[in-house]
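Presented below is the structure to which this report refers.
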Amino acid sequence: MYYLNKMLEYNKENGIIINKYIRKTIQKQIRIHNKYIYRYDRVTQAIEWIEDNFYLTTGNLMKIELLPTQRWWYELMLGYDMIDEKGVQVNLINEIFLNLGRGSGKSSLMATRVLNWMILGGQYGGESLVIAYDNTQARHVFDQVRNQTEASDTLRVYNENKIFKSTKQGLEFASFKTTFKKQTNDTLRAQGGNSSLNIFDEVHTYGEDITESVNKGSRQKQDNWQSIYITSGGLKRDGLYDKLVERFKSEEEFYNDRSFGLLYMLENHEQVKDKKNWTMALPLIGSVPKWSGVIEEYELAQGDPALQNKFLAFNMGLPMQDTAYYFTPQDTKLTDFNLSVFNKNRTYVGIDLSLIGDLTAVSFVCELEGKTYSHTLTFSVRSQYEQLDTEQQELWTEFVDRGELILLDTEYINVNDLIPHINDFRTKTGCRLRKIGYDPARYEILKGLIERYFFDKDGDNQRAIRQGFSMNDYIKLLKSKLVENKLIHNQKVMQWALNNTAVKIGQSGDYMYTKKLEKDKIDPTVALTMALEMAVSDEV
């Protein structure tokens with residue numbers, strides 16, 4: 001346990017806190033150490049070979065120097081052997097789960113693991129795989145390995161002499177016929193394999209569990225095999241990531257001598273408030289990533305629930321939902337103003353139409369002296385209002401009494417019934433209707449209204465606005481304007497809708513509007529965002 005002890009000394013000297021999950025892994029190693037063959041020689045050979053031959057391939061081109069924590073990970077991966085049922089000495093550890101905060105060099109570390117296996121692993125004709133959610137992510141790790149063949153003096157010589165070469169199938173070390181290939185997360189393609197080393201990258205993105213399909217082939221056909229699951233945590237629930245976290249926290253897995261879990265994460269959400277605790281999730285912080293970068297992300301997330309979710313998931317290792325309320329009470333506060341700001345002013349319109357069930361909203365915005373002013377006409381049908389529970393009906397009644405919610409005595413929202421109210425707003429304010437944005441799925445229903453107010457030969461005054469993640473930029477722009485008090489509204493129904501509004505966070509960090517509860521209507525928010533997009537389009 002030489003490298004465990006070195007890591008513990010390093011942590012003490014540098015104020016790195018170990019969470020309860022890593023403490024459990026240490027207890028497990030101590031138990032295993034007393035039962036199996038310790039391979040200090042193999043671990044040290046791997047570490048020295050990596051540090052002698054490999055380079056950082058981003059930033060300054062300099063040789064890799066593994067930190068004590070990373071050396072300990074190598075001790076867990078390579079440090080123990082057992083005698084199998086055939087009397088053969090084999091590597092003990094088949095599975096490693098590394099849950100580690102973003103920016104901690106996981107892919108670079110895995111590149112060294114692959115190359116160590118290809119050149120020093122001694123498995124003639126063996127195959128190694130990197131498996132990822134899609135080809136782009138698989139290529140990220142694959143390219144880390146290939147870059148080493150150009151940066152490393154030793155591998156460059158191998159490369160030039162065609163000992164280490166790139167083929168259509170992947171990378172090959174000719175001396176041992178070992179290969180490294182990339183593969184996407186496809187269960188059918190994974191059937192029947194016989195790989196010896198499997199790197200499952202960013203497992204938080206996986207829906208179905210491909211690991212067993214890959215591991216089955218390795219287990220049945222290889223004496224020495226290892227699968228490594230790496231992730232920075234994520235926002236996709238009920239997939240492979242949740243399954244792995246639950247498994248590697250369990251007592252059953254603690255007593256499985258052929259696996260190690262490295263769950264670097266906070267133990268609860270409250271711990272994020274004390275920066276000293278961040279080392280639980282980012283044990284290499286200060287080296288990778290930099291303290292300043294993580295602090296900046298933390299500060300940017302203040303006042304933004306969606307960014308807070310992402311920070312806790314990707315930096316602090318916590319399983320988080322991919323949906324979060326987006327606007328804070330401070331963002332949605334009312335500011336009184338006079339509708340005269342619209343007088344003779346270019347006015348942009350967004351319309352979110354729902355025939356029944358949700359609200360229909362027509363939002364008007366204009367710009368004046370560096371601020372954006374908004375006013376929204378919100379509609380429902382009386383029969384829907386009458387079916388509300390008492391609490392909701394009291395809330396809607398307040399909106400009706402304030403003149404902010406208009407109840408129509410029809411079975412569903414008829415577009416023709418909106419026209420008198422739009423006319424009334426235009427007459428009362430003297431605004432100049434300029435452009436309209438609308439959901440393309442509703443165009444045929446809205447066509448008459450759109451042509452009435454926004455007809456032009458080229459159609460420049462009308463824009464079909466795609467819904468979902470396509471609205472990402474304008475969702476974030478609306479948030480920014482509200483935070484900076486540059487978007488002014490004075491309607492309680494809009495405040496309510498903004499407070500109801502959640503965002504779903506996509507894999508690339510994009511947002512789309514959603515709601516957590518059916519009773520939480522967000523249509524005024526959507527209409528306002530479309531109107532804002534039209535205002536911006538007129539400036540470009």
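From the backbone N, Cα and C atoms, a Cβ is placed for every residue, glycine too.
Some features that Swiss-Prot has for this protein:
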type: BINDING; residues: D352, D523; note: Mn(2+) 2 binding site
type: BINDING; residues: D352, D424; note: Mn(2+) 1 binding site
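Sequence features annotated in Swiss-Prot and their locations in the structure.
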residue	record	DSSP class
D352	Mn(2+) 2 binding site	strand
D424	Mn(2+) 1 binding site	helix
D523	Mn(2+) 2 binding site	helix
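The separation of D352 (Mn(2+) 2 binding site) from D424 (Mn(2+) 1 binding site), Cα to Cα, is 19 Å. For the binding-site residues given as D352, D424, D523, the lowest number of other CB atoms within 10 Å of the residue's CB is seen at D424.
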